[in-house]
Structure formats: C-alpha cells, structure tokens
C-alpha cells in the first residue's frame, strides 16, 4: 500500500511539473530577454508594413493599436477580468467589440449564461423568459443579444476559426489582412494584419472640400477629410436678418448672438434681447375688457383676441347634476340634491347635499383585510390596515428574508449590500445583494518598477502575480562597496549585482589591487549545523556576504638570484632573493678552483672590486696543489692549493754519479735549474773514473 501511494504521489508531481512547463512555454510572457524584444519589434513592423506604406512611413496614428499589441506580448498584461488569470497563447479567447478587452471563451460563455439567467428569472417578471434580453460586457457594459453569445474561437478579424499558435505572429492572430470596416464607416477597410484593439484611422487619400464648400477641393487623408478653410461661414441665420460670422465649421450654425430691441407678444413692453429669440412674454396680465363688458381678461401677455367670458353660457351646479343659464355676474347656486361624488376610497359616495369645495373623507365602518391577506379588522374606510406580521419570503437574492411588515407578496429587491470579496481579493462587492457571481473588480492597479518611473496598469488582483515592468532607467542606488560610483545597470528589485570594477586599493607594496571588487563576496559557511545522524538530509550550504582581503600582489618584479647568476620576474608578494640552484662558480682564494656550493648569498667587501670573487660564505679549497712541477722535479708542491707559483723544491735527490760507484745527494732545485754542463759537474763524484778507454 505504501508503494502504491508513493507511485500516485510521484505521478501527481510529474503531471504538475509537466503542466508548469507547458504553461511556461505557452504563456504570452515566454520571451523575456533582449532577443524577445527584437523579435517582438519585427512582428510589429511586419503587422504595420501595409499601413505605413500608405502613409509614407508615418506611424503616429498607430500608437493606440501598438499599445494593445504590446500588451499581447507583455508578461501578464493580457488578463481575463472574469477569472483574474493570464490569457495564454494556446487558450481560446473572445474580444469585446466595444472596449476590445479580451476574455477566455469559457469565461465569457459562463458570464453570458449567468447574466441571462438573472435577467430572465421568474422571481423578477413572469414574462422575462419569453423575451430576448441582452447580456453586457463585464468591462464596458456594451450589450449583446442572446444570439450573439460566442460559441467558437475566432481570430481578431473573425476570418479564421481556431487560429494556430505561431511564434512569429501576434498571439491569437491569423496573420491575414484585417479588412474590417473603419469606424465611422468611410467605405475603406483596415490594412493592418489581424490585430487586437481598435483599427487605426483610415490612411487613404481622398479629394474633399471644406465645411462651407467655398474652398477648392484638396487631397487629404480619409480619416481627416472634414476640414475648415477658416473663412467666415456666411450662411443666413434663423433670424433671417444676419449671417454667420464664425469660421468655417461643421453642422448647423449657432443661434444669432446679436442683441436688438424687441416688443413682447402683447406689445406693451420693449426690451433688448437676443436676435435668436424674438418672441417673449412680459409679466403683465392682459386686463382687456371681455365681450360681456363686466369682466377683464386674466391671461398673462398673449397674442390674438382674448375670447369669450368664462362665466357666460350654461353653467353646472357644484355636484354637476343641474345646469343653469345665468348672467355672468351671478354665481351658480347649489341644487339641493345629494352630492353622490365618489370619495377618495373609490368605493363609497359623498352623502352630503350639493356643496362647494372638496368632499370629506370616507368615515364608514367596513371590514378591511390587511395587505398580506392574513388578518381582517373593522375600521373606518379611509384608514389603511397593516398588520404586524413580517414577511418570511426569500427575496430575489435568494439569501435574505423580506421581513417587511404586512407584505403584499411583491417583495422589493434586497436592499442589503452584497459585501462579498471580489476575485481581486482586495475589494468587496459594492452592489446590492444579488444572485450569481459578482461583477469583476473595476479598479486598476499601478505596478511600478523599483524606482517608480516605469508604470503599467493591470486589473486589480493581478499585481500579486505579475512581474514588475522592465525599467530602462539606470539604477540610482549608492554603491555598497568602497568605490565612489557603481557600474551602470538598469533599475531592479533586490540587491544590486556584485561590483565587477577593479578593486584599486593600495597594497602594502605600493601597487594597486587589480582583481574585481571583493567587498561583498559570498562565502560558504561551514560547520554551522551538525547533522544528528546519517538519517538527516543534508541542508543546503549557507552563504554569507563578507569583505575579503586583497589577494597577494602579482605584479612581476625583476629579482636577481643570490649568486647573481640570473634576473627573473617574480610576483611582488614573493619578490625576495632566491637560489637559482646552480653552482656558485665564484673563484676561490686559491685562484685555481670555483665554489661548488649551491647558489648562495655572498657578502661583498669594499676592497673587492671583482664581483666574481668568492666571499666568506663560499667554500674553502681543500685540494692539493696540482700545478705542473719544473722539468725533472719528481716532487709535489708541499703547499695546499695556492695562488701564484709554487715555492722552490728544497728536497734532496739521491743520484748515482757518472761512474755509478758513488751515491750523491743533490738539492732538487740545483739540479732542475742547472744547464747540461752544470748538471754534469753536479753528478760527478770528482773521483778517478774507473772506466776503461
């Protein structure tokens, strides 16, 4: 069972990861880098090519359309106001023809269905279900008929059903020429490729004249074909006396602004009035004598004859049953019969005799039923009867009871505020209590960059999930390292990127540190947390930001070895005399051999001018003298290895004389230095030679 549960969780995680990847790849914000901006610019240029070719490259009229298209590419800018979710490339959508707002097709279908259900509810009117009542757009309240409820997914221009997702086209566009009629209609069609938002003004050239038709016809853009020549209009005004002096204008001329003296209708008074309103009434009563000769006209300033006296002819009594023919100077008497006029209650009649003035209120005692029909009571007819029973019916909101005293059953709409939290989770519904889902939050929220100079407006509720806009302003934060200025980079949230400028601090050796700034280096913390055992999962390594010391100076410095054999470049931090591992090679005091020690330091004496002479640190020569001896000297030099010539040999040579009879002892020096004659004398024993002749 545990393996089965593990497999289920594994599959669920894999499905969630796959869906996340698909949503990321299919979203309208999949290109966030600079290459995506270049690609977006190419798509916009391709969309506007045909239009700008008609306007000689002028794209000033395309700013509103460009804004809608930029929102189609921008991360999170296209948001369905019904579900408060992003509109993605691969989702079916519907666009309102009034405000051009884009909704998910499924969301707008549910919205239309709910709106029609609420309007046609039998609790409101029994006939609503038989009538074709409209449903409104959630944003602009533009009304659509029931038959106009969207059922299929079309591109913006409505030509292609289920347009394919093409990364080189505007999302939800078919890529064909729009060809929608311009508004207001001019007979031409839109030249852009299938696009969101309103079509731009018509760029076609037409020949047209001014409003007053006085100027010659000139070629102008169809969207601006109505123009004024700025000359006086000259048309005759409604007063019939003056002409319009305003510059050439559209529509009817304004009323004449001039003032003139004009008589009132009765002709008694004269006043200065606008020429546009010549007829006026004064405040005086007419006062002319009527034909009867007894009364005067009581009408206020009027035209024509005053008419007959209103008291002449047959007149009725107050109750209207009897007619009298009397002079206009006499009042009509009462007839003496009962009044019989219907009283205010609408049931009973007045029982008084014929009288002048209004009838009294109805005072008859009747059995009256209350408005809700649950109770009866005997009381005067003119008094209304309302019981204290409170209505328990549910109002049209289907949540609250009516609770109105003595309700007739036609309960009024719920007067409480809905108060439910809207989809944005920031505001509550301000509408009266209602059924169904609440309208989308109408508020918009400004999403700003870190410096606040770049702002985008998004529907309320989307500010928590949308990415902040990319700001092209340079970051203005002060540097956090020792440099006076930081590297130029764009505005951003969070910490500034690490400084990559050369450190340039002065080292102890006097050189400047050449490595990148290391005032805020990330260093891995070790030994912070000791695991309790092998079963505990290793935690992620913690990094702290700290200032590192400058590394050792690596500037190459020429340094001579100890024995002055060579000069090599060494890093400044280790630029000390060194041993080159060669033999010293300096000439020893014996002047015959060199120092065989490894390269070493030699103390120089002031008396020694020769740099190659051995010093006290060099080795001492312990060899025997190997200099060649004088010819004939068989002895070695008695001195150790020494400079200069060897001393004279003082040893005695044992030599036999010429006759071989005597042994002579002769100094080696005398023998080696003597010539032949002297040698013969030295070898001679001076005795009688025994040899035979």
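Cβ atoms are placed via backbone N, Cα and C, with glycine included.
Here is what TrEMBL says about this protein:
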| type | residues | note |
| --- | --- | --- |
| DOMAIN | 186-204 | domain 'NF-X1-type' |
| DOMAIN | 239-258 | domain 'NF-X1-type' |
| DOMAIN | 292-311 | domain 'NF-X1-type' |
| DOMAIN | 345-364 | domain 'NF-X1-type' |
| DOMAIN | 372-393 | domain 'NF-X1-type' |
| DOMAIN | 397-416 | domain 'NF-X1-type' |
| DOMAIN | 424-443 | domain 'NF-X1-type' |
| DOMAIN | 481-501 | domain 'NF-X1-type' |
| DOMAIN | 590-623 | domain 'NF-X1-type' |
| DOMAIN | 633-651 | domain 'NF-X1-type' |
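In the predicted structure, the domain 'NF-X1-type' (397-416) carries a mean pLDDT of 84. Secondary structure counts, DSSP: the domain 'NF-X1-type' (372-393) has 0 helix, 6 strand, 16 coil. Shown for the domain 'NF-X1-type' (292-311): DSSP residue counts in helix, strand and coil, namely 0 helix, 2 strand, 18 coil. Residues of the same chain lying 6 or more positions beyond the ends of the domain 'NF-X1-type' (424-443) and with a Cβ under 8 Å from any Cβ of it are 81-82, 84, 114-115, 117-118, 121, 138-139, 395-400, 413-418, 459-462. In terms of DSSP secondary structure, the domain 'NF-X1-type' (424-443) contains 0 helix, 2 strand, 18 coil.
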